[in-house]
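Visitor: I have a structure here, written as structure tokens, and I will follow up with some questions on it.
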């Protein structure tokens, strides 16, 4: 019984340390903790998933200089029930992104949409 408790404790510690490491990687960019929720835009999961996705590439290329109007004219959020708005990315550039309320629609949701 004691051996089972020890093994279970080791597994829990291993899982916790992995979660901590992932958290550190997420915030390893400079000034990541200083940014507000509205300034942070998630990136695509991988280059392979993005390579053929016109919708994602279109949104990444679209610059809007802080104005929502160009975004509303050029993107449709790939059928998601959201709105296309202009937001400051972690790169310090304004980009068109899709959001539902205060939640950014993740890039992987846009990956299935091709215009």
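Any Cβ shown, glycine's included, is placed from N, Cα and C.
According to Swiss-Prot, the signal peptide annotation covers 1-17. Among the features that Swiss-Prot reports, disulfide bond is placed at 64-78, 71-84, 75-113, 77-98, 86-96.
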Visitor: Want to know which disulfide-bonded residues, from 64, 84, 86, are within 10 Å of residue 77 (disulfide bond) at Cα; which are they?
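Guide: For residue 77 (disulfide bond), the disulfide-bonded residues whose Cα atoms are within 10 Å come to 84.
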Visitor: How many whole Å apart are the CA atoms of residue 98 (disulfide bond) and residue 64 (disulfide bond)?
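Guide: Cα-Cα distance, residue 98 (disulfide bond) to residue 64 (disulfide bond): 13 Å.
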Visitor: Cβ-Cβ under 8 Å from residue 64 (disulfide bond), same chain, 6 or more residues apart: which ones?
Guide: 70, 71, 86, 94, 95, 96
Visitor: Test of understanding: give the count of other CB atoms lying within 10 angstroms of the CB of residue 84 (disulfide bond).
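Guide: Neighbour count, Cβ to Cβ under the 10 Å cut-off: 23.
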Visitor: Which has the fewest other Cβ atoms within 10 Å: 71, 77, 86, 98, the disulfide-bonded residues listed?
Guide: 86
Visitor: Residue 96 (disulfide bond) has how many other Cβ neighbours within 10 Å of its own Cβ?
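Guide: Taking every protein chain into account, the count is 23.
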